[in-house]
């Protein structure tokens, strides 16, 4: 596990610190065992979901629950036959396009609010974050009316716009914290050398904040892919995303657990994998960069 | 002496430069101001249009008697909707459930997250894998997560929870219908504990170790060290986690929609779900809008306090690091 090595490296960097950890890691401790038990407990529902996805319906409905069975791909095949492809495409489209829009709007805004602060920077920051504090329900009725009036009901672009608005405040705050870390001397040096603003942005700043841009994109991806409230209220058949597909699946097909598990696995897997790969960036992103 | 003179000269010239710059700034301040504001404006305008216009509409709708089931019934009724909202016992119940869900989930998730973070702060075999497994619930699509809790975990006949409890003489309990709010909360705690854990873990790892060492040399016990040094250091991480968790939990919808549909009756509906029911199943636009406005006003009051906490956390970045 690459993540394991990076964490160990990070915490072992100071010498005394390293000694402490090495001493402890030699003997298997009760705490390590406890941590493993907790981790397996928390992971269990996910494990069970994936496991059930490979069962036949009869195995999924057994009492006591079956751990050993002949795995089958029937459920995934079944889910594909019900047209999950369109929902996956819709989810992917809304996620990717809204994330790109968020970055296009959010990165310049964060730049304006950090390295070249404008008047009333604090007010602007406060406004962005305050939109996250408001319950979405208060806006859903007019949103429904507006969206249906401009003909975007059950149209994926409605979700693209709303997901952009949903993630933009987070992106502005996150990116601002990354921009603030760019050393001022570096910019001064660039401008001394006669670099134009655009050149120093391109040559100096962007390379430094690109990990931050990646982290921001990851967070936006997770939130957009998993979003349900807008999707269930503003889409129907054509523009339904994968969480909405799962709901329709239940009412339409009755409760086929194994097949439902296969659908749930397909819905959850892309984000789980992305999150696993980039887990070190997660905290920073989720705390809007407040935690370094 | 010379160095002092040089320094004074340097300061003087610096001051001159600054004065020139200031004058220059004043003369071009308008153009420069717009150039600086330029990158900010698209995002700002986008957010204002997408978030504020719908809210203004909500406020407008809340003064209308407007039920889609009765066409042509739309009329201005002033504050009547608000009067009805405050008389509505189900609304009060939903409001109470919302608070209960947020406070309960945040409290339990923070405590569990703290414990898990303390475990993970130690070195042991496979720590990276353990962390990876622990963060997974936060990544799972909430709809899928809620579905798994309802069926795989809490089902009366096939659920794992009853299976695990059966040797202890617990009869088959239909958890979701008997304890709907607790079932939803279990799902939310499962989903949010990893987030709290990650945040608190980041706090633990940013802690200067030499202070702990010094404390130990001075003969402080583990618990005293934890209470006097670790917990105060973690405070702002915990505060931030609680505030951010609460912000997201105000909008809890997926879990309730998938697990209980707000039922039985309205036992487990929170404000988002109740307003959704009113608007999209009851088609009572005016009522639902008034509820939305009341919810927003209440949230603004709480959020203003919460925001202060966040801002304090942000501005206190250097001193804590």
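The chain as shown is numbered from 1 upward.
Every residue gets a Cβ built from N, Cα and C, even glycine.
Unlike curated records, TrEMBL annotations are generated automatically.
These numbers come from a predicted model, not from an experiment.
Among the residue ranges B:132-149, B:150-167, the one that TrEMBL annotates as transmembrane segment is B:132-149. When TrEMBL is compared with the stretches B:13-36, B:181-204, the one noted as transmembrane segment is B:181-204. Counted over residue pairs separated by six or more positions, the transmembrane segment (B:237-259) shares at least 3 Cβ pairs under 8 angstroms with the transmembrane segment (B:132-149), which defines the two as touching.
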